[in-house]
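What follows is one structure encoded as structure tokens, with my remarks underneath.
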Amino acid sequence: MEQAMLKTLALLVLGMHYWCATGFPVYDYDPSSLQEALSASVAKVNSQSLSPYLFRATRSSLKRVNVLDEDTLVMNLEFSVQETTCLRDSGDPSTCAFQRGYSVPTAACRSTVQMSKGQVKDVWAHCRWASSSESNSSEEMMFGDMARSHRRRNDYLLGFLSDESRSEQFRDRSLEIMRRGQPPAHRRFLNLHRRARVNSGFE
């Protein structure tokens, strides 16, 4: 019994060594990469928001990482944003103070970020109001390609979509990015689907 276990362990170690020797993609999910993805997501929100003030992330979590090859990956994030005291032309919202009050605009957001060699290549995001006092449950802010600008509405909303339509668009966008960067068929087994939850280290 012990010999069988030792043999299994030895085969496992040899298999891991073989994968590493053949270039199995290993990506270092350091805090700077996650911060870069979050910053790009918040920047997308601010770039297409109709608010006169900048939004800033209050909390975030990494929901999924799709590794396409040794240099390219797609991150799916969830994060919350709140309006700050800085005007739109203030630049980086990371140093801005949050506005105070019961009716301060706050939204829950999701984003898909494609990164290559540590650099952000593409970002898609959408948000919904976190407070029912701000809008009803069907109202959302959509942040994506400028081709969607016809969906803009009053206040800070950029679209009205049902939950089903929102889910389909988010899923289609993530799949589109993965297909665009899909490696050749003989290397598809290298794709990883990892789930990780990150504490509010971006706060």
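Backbone N, Cα and C atoms are what each Cβ position is placed from, and that goes for glycine too.
Checking Ser133, Ser149, Ser165 against Swiss-Prot, you find phosphoserine recorded for Ser165. As annotated in Swiss-Prot, phosphoserine applies, among Ser32, Ser47, Ser80, Ser162, to Ser162. Spatial neighbours are here defined as Cα atoms within 10 angstroms of one another, and by that definition the neighbours of Ser90 (phosphoserine) among the disulfide-bonded residues Cys96, Cys109, Cys127 are Cys96. Taking CA atoms as the reference points, Cys109 (disulfide bond) and Cys96 (disulfide bond) are 19 Å apart. The Cβ of Ser90 (phosphoserine) has 14 neighbouring Cβ atoms from other residues within 10 Å, across all protein chains displayed. Neighbours of Cys86 (disulfide bond), defined as other CB atoms within 10 A of its CB across all chains, total 20.
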